[in-house]
Amino acid sequence: MALMTGEQYIESLRKLNLQIYMFGEKIENPVDNPILRPSLNSVKATYDLAQMPEYEDLMTTTSVLTGEKINRFTHIHQNTSDLIKKVKMQRLCGQKTAACFQRCVGMDAFNSVFSTTFETDAKHGTHYHENFKKFLQYAQENDLTVDGAMTDPKGDRSLAPHAQADPDLFLHVVERRPDGIVVRGAKAHQTGIVNSHEVLVMPTISMGEDDKDYAVSFSIPTDTEGIIMIIGRQSCDTRKLEGSSIDVGNSEFGGVEALTIFDDVFVPNDRIFLNGEYEFAGVLVERFAGYHRQSYGGCKVGVGDVLIGAAAVAAEYNGAQRASHVKDKLIEMTHLNETLYCCGIACSAEGSQTNSGNYMIDLLLANVCKQNVTRFPYEIARLAEDIAGGLMVTAPSEKDLRDPKLGAYIDKYLKGVNSVTTENRLRILRLIENLTLGTAAVGYRTESMHGAGSPQAQRIMIARQGNLAMKKKLAKAIAKIEE
Ligand code: SF4
Ligand code: FE
């Protein structure tokens, strides 16, 4: 089976025995849980869209390992065209879900582990690349969703992994056995882990020799014994328990994150992709971060398209669409959103081949992309709130709207232009609320800030990649300075 349908994907998740906890309770049926289901639907969209002929070119491609048709989310990029299509695919998925569809972390992990294992083997004579290719083929043939897990809790940020008061604050090997390793630690903010078949673990920072046991990468099924997921709270999350499609803003799609614990988890030898070769930890981190910073030039732009559309609809419903300042705000939002897209496309078009044969984005441009993503969605959200008006946060609930007595008042007094129902006006305002302040704000705002690395991480990379020495030379040449 090279491609799963959305329904097959849902059924495949039912078969997993995941240890998920939320509000202090174990969730026995995560697939049908009303708080978790919208996030599952977002991943399902990556399967559904791949079945549609009009998106075939973006959503699917041919495996270099098997020659079979596969979902692009499991692909190893072969050229810059693949890198560009990846960004376009993410914009499409963002447009269709208005949420984080989660599957990109696995794709970005695949491509970074692919090239890093190749180089580790070349230096150390290890067999990680073969291990990884075997795993990747399995993921492609079964069309799996894989969670790329990088972020450790990190404890005291001024201390290296081995120097922490609690050695488990970075995930590490606690036992080496003939048949594999045992690992302990946690990965924080795991986007989509509860909707994934496998978790692909990578180190979170560059490491020195003393951190050897922390320089570890591997993939195992998400229902492996010892893996525990604790769901993170989101603003307005329990609205999903109320059964109102208006009040949640986006009733079908969402995203979800979990603190994922690895409580002495066994990893068999053939699933290990790094084990002590500490000098490659930083390489892996830099590549994964680079790919994921490129990703944000696609996914956030797609969600931005929905938010800009929602603001334009809200303006129409308010009768304000012809006001020049409203038009100008929509232009500004579009300008900012398309600037992010330019960055995503540019770092892809400027990509280059790695020693392993796959393609890597231009690191400087990918970091510029993500740096802009830490800012522009905030401004787009601010302008959307400006256009929407205060009602997006003061409107009564759907229950009140449906109440025979109160509903008549709400219908009468919260009407905008006469041709539009009050219900529709409330629907679009709730969508804007969801994207800017509600459950989706995790993905559109705070994740824009911290996902794929916080702003300072990009500034460090920009400093490193910016080639100031070359620029100084240029200036001196023009100024005819001879030293
Ligand atoms: Fe994909 Fe964007 Fe979610 Fe990352 S934040 S997993 S790139 S949708
Ligand atoms: Fe993310």
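Heads up, residue numbers simply count up from 1 along the chain you see.
From the backbone N, Cα and C atoms, a Cβ is placed for every residue, glycine too.
Caution: TrEMBL annotation is automatic and unverified by curators.
The shown structure was predicted, so the numbers you read here are calculated from the model rather than taken from an experiment.
If you check TrEMBL, you get these features:
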type    : residues : note
BINDING : Thr191   : FAD binding site
DOMAIN  : 5-274    : domain 'HpaB/PvcC/4-BUDH N-terminal'
DOMAIN  : 282-479  : domain 'HpaB/PvcC/4-BUDH C-terminal'
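Mean pLDDT, taken over the domain 'HpaB/PvcC/4-BUDH C-terminal' (282-479), works out to 98 on the 0 to 100 scale.
Mapped onto three states, the DSSP output places Thr191 (FAD binding site) in strand. Annotation for Thr191 (FAD binding site): same-chain Cβ neighbours under 8 Å, separated by at least 6 residues, are Cys100, Gln102, Val105, Asp147, Gly255, Val256, Glu257, Glu447, Gly451.
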